Ligand SMILES: NC(=O)C1=CN([C@@H]2O[C@H](COP(=O)(O)OP(=O)(O)OC[C@H]3O[C@@H](n4cnc5c(N)ncnc54)[C@H](OP(=O)(O)O)[C@@H]3O)[C@@H](O)[C@H]2O)C=CC1
Ligand SMILES: O=C(O)[C@@H]1CCC=N1
């Protein structure tokens, strides 16, 4: 099979810390909230070889794995008062942000780049909490970050220096690809497509399995073939130089079984209008979370 052309925005994962600005950190990186998404970023930094002694985690319920990292020097829940971080990654739920973040104003005041991955929370919100002139990045990653295959889209405010942006690029790129946009308004739709997107793909695997069961397959077989099909198709899409539409056409024999199914899925009331409605709902919700 022909290999896919090199991606113009490759993951920085392959670079390793020696080729990254992470190698020359003057101050620590502070992660606020090490749940599913923050934890995936942390795993990415450690996988990349970032010295655990340069990482501070603020997290009320650290996992046993994270607590074990403390042995290698990672600082868990120290008093944030004396810290002079180079970057602070905000990975708490947007709903808790107004109550949780003001306690961290001192970190921003020391000149750190404040990188938020919180859905909906705007650069304006960060500037309001941490003060005008705060260097702020709003980023939207996704959970394939956990295996180094994440997709993040980020936007920076005018206070972020070139060095600050390079640091944000390397921190976010530790878990996959990073694209930057200039127009912050795009981030709500990005959240709907790639931030939430993995959930739609997992739902497709669930739905395919249920439909298989309805067609008479034993549940274990239906689940296995649905999972392998979604995973295999995703891997083919990742590795192939061909676009999704071409790969779809490669499966579709004229007058065959796939065409019969696609007639349903691509009908006027098929997947497209449904997906459009779903993405509009998620985009709307992202905007609501701003407030
Ligand atoms: N999950 C995803 O696919 C994605 C999530 N995001 C964003 O990432 C952020 C985190 O989401 P997710 O990881 O799913 O959520 P989680 O609930 O898994 O993680 C949030 C973590 O923050 C902790 N926390 C709560 N309050 C504080 C505090 N004051 N200081 C430090 N830590 C605190 C929580 O602890 P406790 O549970 O004890 O409250 C929890 O461990 C959200 O803003 C979300 O919008 C962005 C992209 C994708
Ligand atoms: O569901 C959410 O709000 C978060 C943001 C994107 C994925 N999960």
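A Cβ is built for glycine as well, from the same backbone N, Cα and C atoms used for every other residue.
Here's what TrEMBL has on this protein:
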type    : residues       : note
BINDING : 91, 92, 93, 94 : NADP(+) binding site
DOMAIN  : 29-120         : domain 'Pyrroline-5-carboxylate reductase catalytic N-terminal'
DOMAIN  : 184-289        : domain 'Pyrroline-5-carboxylate reductase dimerisation'
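Excluding 91, 92, 93, 94 themselves, the residues of that chain whose CB lies within 8 A of the CB mean position for the NADP(+) site are, in sequence, 33, 35, 90, 95, 96, 97, 100, 117, 118.
Sorting the domain 'Pyrroline-5-carboxylate reductase dimerisation' (184-289) by DSSP state (H, G, I as helix; E, B as strand; all else coil) yields 85 helix, 0 strand, 21 coil. With DSSP states grouped into helix (H, G, I), strand (E, B) and coil, the domain 'Pyrroline-5-carboxylate reductase catalytic N-terminal' (29-120) comes out at 44 helix, 18 strand, 30 coil. Sequence-distant contacts of residue 91 (NADP(+) binding site), defined as residues of its own chain at least six apart whose C-beta falls under 8 angstroms from its C-beta, comprise 31, 32, 33, 34, 35, 37, 38, 41, 117, 118. When the binding-site residues 92, 93 are compared by the number of other C-beta atoms lying within 10 angstroms of their own C-beta, 93 comes out lowest.
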